[in-house]
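**Q** This is the structure, below, for whatever I ask next.
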Amino acid sequence: MRNRKVVIVGGGTAGWMTASYLRTAFGAGVDITLIESDKVNTVGVGEATFSDIRHFFQFLGLEEQDWMPACNATYKLAVRFENWRRPGHHFYHPFEQMRSVNGFPLADWWLRNGPTDRFDRDCFVMAALCDEERNPRHLDGRLIGQGFSENAEEFAGLTMSEHQGKTQFPYAYHFEAALLAKFLTKFAVDRGVRHLVGNVEDVVLNQQGDIDHVLTAEHGALHGDLFIDCTGFRGLLINKALEEPFISYSDVLPNDSAVALQVPQDMEKRGIRPCTTATAQDAGWIWTIPLYGRIGTGYVYARDYLEPEQAERVLREFVGPAAAEVEANHIRMRIGRTRNAWTRNCVAIGLSSGFVEPLESTGIFFIHHAIEQLVKYFPGPGWEPTMRTMFNDAIRHVMDGVREFLCLHYLAAARDDTQYWKDTNTRRLPDGLAERLERWQVQLPDSENVFPYYHGLPPYSYMCILLGMGGIALKPSAALALADDTAALKEFQYIRDRGSELIEALPTQYDYFTRMRPGAR
Ligand SMILES: Cc1cc2nc3c(=O)[nH]c(=O)nc-3n(C[C@H](O)[C@H](O)[C@H](O)COP(=O)(O)OP(=O)(O)OC[C@H]3O[C@@H](n4cnc5c(N)ncnc54)[C@H](O)[C@@H]3O)c2cc1C
Ligand SMILES: N[C@H](Cc1c[nH]c2cc(Cl)ccc12)C(=O)O
């Protein structure tokens, strides 16, 4: 059998992650061409990740020191939510599994007799590390334990979906999207991916309705067996040429716009917070992502409630004088998913496949997940169309599951001081969420009562949002009223002690990354 010819259209994060991964998975078994336009910009954002992305780098054979300095990358221990409950309040959604005591999650014991009003500080070590801006590694590179053994043999080679629930890696990354694309361009091209710069002007279908070739002014016709649409929100191949419908989520998630700034910062003076921050605003929220040397920031909002000029003004005020000279990037977001991400001989990956607002940094996770699924169901000899159906099911489940998790943020937020926040109490919910919420109010989320398909988020993530947002009354498990809490109290004490010990021992992120950089002492 001759090699499979794959044509990837688009050279953003999705295009280059796909090219690098497929080449690593199949070597010369696939012949890959990536074409990207020099007329159409990439979206220019996408800087925070899930911890699972480490499986991607591992698969490529890359260590942190190979790629992190090149991408001005930093560590992310959590998402910090500010002002979602009330002004001045914050809580973390950390990369740390919820502990269990006598068969009940520690959060349940906390509901029964919470030691303080900070469930996150009481239940997770990471919350203290974030508050004190600590790094998850010691200066000599040793990882804080947190029950995770970095090189555990039994987990080697697992994909991220296979790994979920086994252990929780303690951090994710922040990085500059454009620098990662540049890094992966070299990685892929060095390993034999053909890279073309040119504009796809037309997508030509054959008589059966499959894509025969894409037409470019610069390189003529590019033929392939499989076409990967990484053209971003345009969906040039999947939506425009093949007319696969896009299913909007705007009925349940109304934020459809963002304005972003890249703001240089004196990290020595300001430090590098080891988390993404999401700060609630009158008509949405602002993200702050600390990179090495600058922050990425942006206001995600709904145009039904706020004009772009106002959003930009609020964002600039929020950032302060450092933003004065910086140009704003206004983005219209297409929220939802393409009905079948794999249609005929075209697979959409990245924004062309789907997107939800970046409140939990899920965009790159969607890409990574789609690539893993594509490899799993890749059209080798003996391929059956059912495999395409299974791919599409997996993509649908991940996106619909994340949609539900995001809706929960707005539903659970206590804030209701503007029309935008008032409306979060009456907006339509995805099917099934209201019923699940009823259960979570008397029994915290667990693997039996959350969205029933793999979507990247473990039950403890739901607990964090419910307990942190503060707008929904929750009861501890009824059984706990009868139970002895000695072991739980010991666990709360352990978390306090471990936090203090680590704060003492760990460096700041600024110190750590300054030493890690090439040429540093
Ligand atoms: C406001 C916002 C914030 C985000 N924040 C995060 C985050 O923190 N974490 C996260 O995981 N994700 C985030 N994302 C999502 C993330 O940015 C994307 O998932 C990621 O950048 C992938 O984009 P892409 O490659 O699909 O598309 P793009 O970056 O838009 O790339 C499209 C590519 O297609 C090419 N192209 C288009 N038309 C043609 C043509 N006719 N011919 C040839 N080439 C063409 C372009 O030149 C470009 O190379 C965010 C997204 C938005 C909108
Ligand atoms: N697949 C998980 C998802 C996950 C677990 N904890 C968190 C915390 C935050 Cl802030 C985002 C995602 C997750 C992973 O990435 O480890």
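Note that Cβ sites are derived from N, Cα and C of the backbone, with glycine treated the same way.
Just lifted these from TrEMBL, have a look:
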| type | residues | note |
| --- | --- | --- |
| ACT_SITE | Lys76 | active site |
| BINDING | Gly11, Gly12, Thr13, Ala14, Val200, Leu351, Ile364 | FAD binding site |
| BINDING | Lys76 | 7-chloro-L-tryptophan binding site |
| BINDING | Glu360 | L-tryptophan binding site |
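Context for these features, please: burial, neighbours, distances.
**A** A 10 Å cutoff on Cβ-Cβ distances gives Lys76 (active site) a total of 29 other Cβ atoms nearby, all chains included.
Close to Ala14 (FAD binding site) in the fold, though at least 6 residues off in sequence, lie Cys230, Gly232, Ile349, Gly350, Leu351, Ser352, Ile367, each with a CB less than 8 Å from its CB. Secondary structure from DSSP puts Ala14 (FAD binding site) in a helix.
Taking Cβ-Cβ distances under 8 Å and a sequence gap of 6 or more within the same chain, the neighbours of Glu360 (L-tryptophan binding site) are Val79, His93, Val402, Phe405, Leu406, Leu457.
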**Q** Secondary structure at Glu360 (L-tryptophan binding site) (DSSP, helix/strand/coil)?
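**A** Assignment for Glu360 (L-tryptophan binding site) reads helix.
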**Q** Quick one: pull the CA-CA distance for Lys76 (active site) versus Ile364 (FAD binding site), whole Å only.
**A** 14
**Q** So which one is it: of the binding-site residues Val200, Leu351, Ile364, which has the fewest other Cβ atoms within 10 Å?
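**A** Ranked by other Cβ atoms within 10 Å, the binding-site residues Val200, Leu351, Ile364 bottom out at Val200.
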**Q** So what sits near Gly11 (FAD binding site) in its own chain, CB-to-CB under 8 Å and at least six residues off in sequence?
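**A** The answer is Leu34, Ile35, Glu36, Ser37, Thr42, Ala181, Thr185, His195, Cys230.
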**Q** Just how many other Cβ atoms lie inside 10 Å of the Cβ on Thr13 (FAD binding site)?
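**A** A 10 Å sphere around the Cβ of Thr13 (FAD binding site) contains 27 other Cβ atoms.
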**Q** Give the number of CB atoms, excluding that of Gly12 (FAD binding site) itself, located within 10 Å of its CB.
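**A** Taking all protein chains shown, Gly12 (FAD binding site) has 25 Cβ neighbours within 10 Å.
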